[in-house]
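Student: Below are the features I grabbed from Swiss-Prot:
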| type | residues | note |
| --- | --- | --- |
| BINDING | 8, 168, 169, 211, 212, 213, 214, 215, 216, 217 | ATP binding site |
| BINDING | 49, 136, 148 | substrate binding site |
| DOMAIN | 276-354 | domain 'PUA' |
């Protein structure tokens, strides 16, 4: 049965860890494997990191750039070299590809979010393999994905993928970093209920040339599985294992998809938007949201952070700082500060108007964790 498969390969798998030069054997095997998946009738998207790392190799830089403008320039050099290589290799196998460079801004606006979705699906319908990367040359810090793990999960959600496979520099998830802790235990399977409360010592920020790490992959798994996408973390140096994984073999760590995926609009609220502020909730409001699926009332808010206006996205947190949900507000930050802790019937009296009884209606609220996580 044809399936939609999103594959993300990280910089650590695409390049030599010492020199930053391209790992041509790995890339060649990846291209051949993705083409074979296409020949089997599957729809395939590749999310490829490596622009900055490859750019450093081209320019013979020994360290990743720290200045933003320099990084943007080097990314432009590397992206050109990387996509040329992909095009040459896929063309030799008579497989068409398309380059798709995205920024967070493309997903923040609902209209452009849907436009990206339609464009990706059109490419898949044309039997093209889209090759996606963040557009590092124009992305600004406040509107960056931060890493391609998050980007790949959002892409998988956009196209309602069956699989998201994260190719990385370890063969699976461990209870601790196996490169530093000899007692680290492999974790072959994580259920959807376990994932949101999973605590592992997952190391730090990834390779010298990349920005990802195991924590970002766990975040990606949470995003993808909430969209009904089965997610796998596995070794990037053996991309041929993709064929075995899709065929049902237990390779790497598998994260089970949620039995009931969140609807597309709530996924956009939860993960496509960038929160403009934070609302801290009391225990009663936290339980009402997580266990009863209620709207957020002013009475349950104990603190307001940030500056935002009506319909802006905000993050909802417990009093211990745990993020539990995101939503679109019915009032700006100044008005919420005035009505926090107050009964809904008092809103009109306090503000002089009352556009809504709720601060966030449940239709505009998306949970980030399961009720058992509190």
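From the backbone N, Cα and C atoms, a Cβ is placed for every residue, glycine too.
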Student: Where the distance is taken from Cα to Cα, which of the binding-site residues 169, 214, 216 turns out closest to residue 148 (substrate binding site)?
Tutor: 216
Student: What does the DSSP secondary structure composition of the domain 'PUA' (276-354) look like, as residue counts for helix, strand and coil?
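Tutor: Per-class counts: 28 helix, 23 strand, 28 coil.
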Student: Need one number: mean pLDDT over the domain 'PUA' (276-354).
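Tutor: The predicted confidence over the domain 'PUA' (276-354), as a mean pLDDT, is 95.
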Student: In the structure shown, which of the binding-site residues 49, 148, 216 has the fewest Cβ neighbours within 10 Å?
Tutor: 216
Student: Among the binding-site residues 136, 169, which residue has its Cβ surrounded by the fewest other Cβ atoms within 10 Å?
Tutor: 169
Student: Rounded to a whole number, how many Å is the Cα of residue 8 (ATP binding site) away from the Cα of residue 136 (substrate binding site)?
Tutor: 17
Student: Cα-Cα, whole number of Å: residue 169 (ATP binding site) versus residue 49 (substrate binding site)?
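Tutor: Pair distance, Cα basis, whole Å: 13 Å.
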Student: Would you kindly give the Cα-Cα distance separating residue 49 (substrate binding site) and residue 216 (ATP binding site), rounded to the nearest Å?
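Tutor: With distance taken Cα to Cα, residue 49 (substrate binding site) is 14 Å from residue 216 (ATP binding site).
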Student: Within a 10 Å radius around the Cβ, which one of these binding-site residues has the most neighbouring Cβ atoms: 8, 214?
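Tutor: Max Cβ neighbours within 10 Å, all protein chains included: 8.
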Student: Just how spread out is the substrate site if you go by the largest Cα to Cα distance in Å among 49, 136, 148?
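Tutor: Overall maximum Cα spacing for these binding residues reaches 11 Å.
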Student: At the Cα level, what's the spacing in Å between residue 214 (ATP binding site) and residue 49 (substrate binding site), rounded?
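Tutor: Taking the Cα atoms only, residue 214 (ATP binding site) lies 15 Å from residue 49 (substrate binding site).
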Student: Would you identify the secondary structure of residue 8 (ATP binding site) according to DSSP, in three states?
Tutor: strand
